[in-house]
Amino acid sequence: MKGKRSEAITQGFERAPHRALLMGTGIPRKELGKPLIGIATSFTDLIPGHIGMRDLERFIEKGVHTGGGYSFLFGIPGVCDGIAMGHKGMHYSLSTRELIADMVESIAEAHRLDGLVLLTNCDKITPGMLMAAARLDIPCIVVTAGPMLTGTGRGGRRYSFVTDTFEAMARYKAGEINAAELQQCEDRACPGAGSCQGLFTANTMAILTETLGMSLVGCGTALAVSSLKRQIAFASGERIVSLVREGITPRQILTREAFENAIRVDLALGGSSNTVLHLLSIAHEAEVDLPLDLFDKLSRETPQLASMNPGGKHFMEDLDAAGGVPGVLYQLRDQIHDNPTLNGVGVKQIIDSVIDVDETVIHPKEDAVRPEGGIAILTGNLTPDGAVVKQSGVSEKMMTFEGTARCFNSEEEAMQALMGGQVKAGDVVVIRYEGPKGGPGMREMLAPTATLMGLGLGDSVALITDGRFSGGTRGPCVGHVSPEAAVGGPIALVEDGDTIVLDIPSRRLEVKVSDQELAKRRERWQAPEPKIKKGWLSRYASVVTSANTGAVCKAR
């Protein structure tokens with residue numbers, strides 16, 4: 001091991017003040033020569049995905065000390081997208097990804113930590129942590145806190161967050177369930193600690209973190225309440241000290257091949273469309289070229305092998321029992337690169353260690369759920385720079401659709417129309433000025449999409465937006481439309497009554513309006529006033545880039 005970063009604060013007579021401050025925290029002098037490990041914890045008792053982290057912190061600390069290091073905890077904020085959904089709070093969710101990356105960078109650099117254990121779980125926290133790891137390029141290992149168990153009900157019914165709350169709300173509005181049944185859904189949907197039970201954004205990112213090689217084998221699917229999760233936390237603490245001594249850093253792991261592996265696993269499972277944004281942003285920090293169209297190229301080659309909630313019947317506990325990430329890699333083995341991982345072995349060795357895969361959950365290729373992957377990238381005159389659709393959540397009937405535009409300039413306007421019965425079969429709901437700059441913050445449209453499904457319109461109405469969707473979204477919903485409305489993208493020029501064509505097999509999203517007419521509308525179009533003119537979101541809107549490049553922040 002070459003000279004440690006922490007020697008800048010622990011060695012030499014001129015560092016006497018630094019040592020005094022460190023010993024003021026309780027660290028004995030004899031420990032100052034050990035690798036100093038930061039545990040970036042996003043613990044909060046405000047959200048269920050993170051309430052179990054106090055226990056995991058202890059096991060990580062034990063592992064660090066067993067491995068011969070000395071650990072320090074520092075806090076990182078965490079936002080629950082479910083709680084932030086459908087109101088002003090959702091403006092802040094995506095933007096916290098950048099704050100998290102900046103905060104981890106700031107603490108690690110200011111205190112010259114030798115390595116980091118990144119304790120995370122929910123939607124934007126995991127990509128923010130990975131962005132920081134790639135940017136810093138110091139030894140790092142990620143521990144995701146794990147998924148929640150499904151709720152239980154009579155007759156073996158299994159409850160989960162999205163389908164039994166957001167969609168239940170719309171069913172209640174439609175008179176399909178009564179108030180007592182709605183309350184029962186509320187009571188049973190979230191039985192304890194962990195990220196939401198389906199293949200939503202948090203769990204997809206945990207799986208991709210393991211696939212990338214940035215967490216230990218099994219971490220991506222090990223349940224929050226399991227003893228295995230604690231064992232992984234301990235092993236991760238022990239492993240980070242070895243990574244420091246071996247000089248293994250994230251950019252040695254986060255190669256182009258690692259990202260291709262992650263995309264293929266994402267596609268095979270039908271994961272959240274948000275992963276497109278996040279993988280692009282992590283690759284940006286790792287200085288890896290990852291074009292948007294690569295997702296579509298790989299999707300055409302990679303079959304969907306699992307039917308995961310929200311679009312299917314299986315939950316994270318099923319995937320974990322079926323073989324987890326190694327099981328998926330095994331079924332894709334002829335398409336997977338042998339990339340290094342933080343486990344000390346390559347991906348192929350992990351695949352070779354697989355003993356058994358439950359093929360009723362993780363199908364073999366010859367019995368694929370769909371011939372293509374879960375995500376498709378669309379282009380056309382409505383989205384010249386690309387848009388994203390989670391095709392794994394779209395019914396065969398809606399893979400091609402032609403409908404009449406109903407335009408709304410905010411999520412709130414769209415929800416008012418949906419709940420007021422103003423959206424009918426054959427419509428295409430257009431929600432715009434919700435992009436990274438225009439939102440600002442590119443809000444998730446889970447409430448509108450869940451309402452469409454709950455109202456029984458999932459097979460007769462499409463929704464397109466320059467915003468994004470929850471990992472819990474299902475149905476014919478196209479997001480990340482780029483360029484966004486706030487910068488004059490074509491979605492800003494669509495008018496009520498226009499005909500919109502959605503053709504997922506052909507990867508097209510178009511409005512049936514001539515170029516000449518669009519040019520006339522562009523001449524009349526005026527950029528709206530910013531919705532938020534002060535504070536963090538105002539600054540964020542001024543530096544955030546388009547969704548097709550990951551909505552990363554760049555200097556003015």
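Including glycine, each Cβ sits where the backbone N, Cα and C put it.
The active site, proton acceptor annotation in Swiss-Prot covers SER470 and rests on sequence analysis. Annotation source Swiss-Prot lists Mg(2+) binding site at ASP81, ASP123, LYS124, GLU444, citing sequence analysis. Summarising the annotation, Swiss-Prot assigns [2Fe-2S] cluster binding site to CYS122, CYS196. The annotation N6-carboxylysine is assigned in Swiss-Prot to LYS124 on the grounds of sequence analysis.
Shown here: features listed in Swiss-Prot, placed on the structure.
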residue: ASP81; record: Mg(2+) binding site; Cβ within 10 Å: 26
residue: CYS122; record: [2Fe-2S] cluster binding site; Cβ within 10 Å: 29
residue: ASP123; record: Mg(2+) binding site; Cβ within 10 Å: 32
residue: LYS124; record: Mg(2+) binding site; Cβ within 10 Å: 29
residue: CYS196; record: [2Fe-2S] cluster binding site; Cβ within 10 Å: 31
residue: GLU444; record: Mg(2+) binding site; Cβ within 10 Å: 30
residue: SER470; record: active site, proton acceptor; Cβ within 10 Å: 28
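Those same-chain residues not listed among ASP81, ASP123, LYS124, GLU444 yet with C-beta within 8 angstroms of the centroid of the Mg(2+) site C-beta atoms are VAL79, ALA84, SER93, LEU94, CYS122, THR201, ALA202, ASN274, SER470. Ranking the recorded positions CYS122, CYS196, SER470 by Cα distance from GLU444 (Mg(2+) binding site) puts SER470 first. Across the structure, CYS122 ([2Fe-2S] cluster binding site) and ASP81 (Mg(2+) binding site) place their CA atoms 8 angstrom apart. Rounded to the nearest whole angstrom, the C-alpha distance between ASP123 (Mg(2+) binding site) and CYS196 ([2Fe-2S] cluster binding site) is 10. Annotated pair ASP81 (Mg(2+) binding site) and the residue listed as 'active site, proton acceptor', C-alpha to C-alpha distance, rounded: 8 Å. Annotated pair the residue listed as 'active site, proton acceptor' and LYS124 (Mg(2+) binding site), C-alpha to C-alpha distance, rounded: 11 Å.
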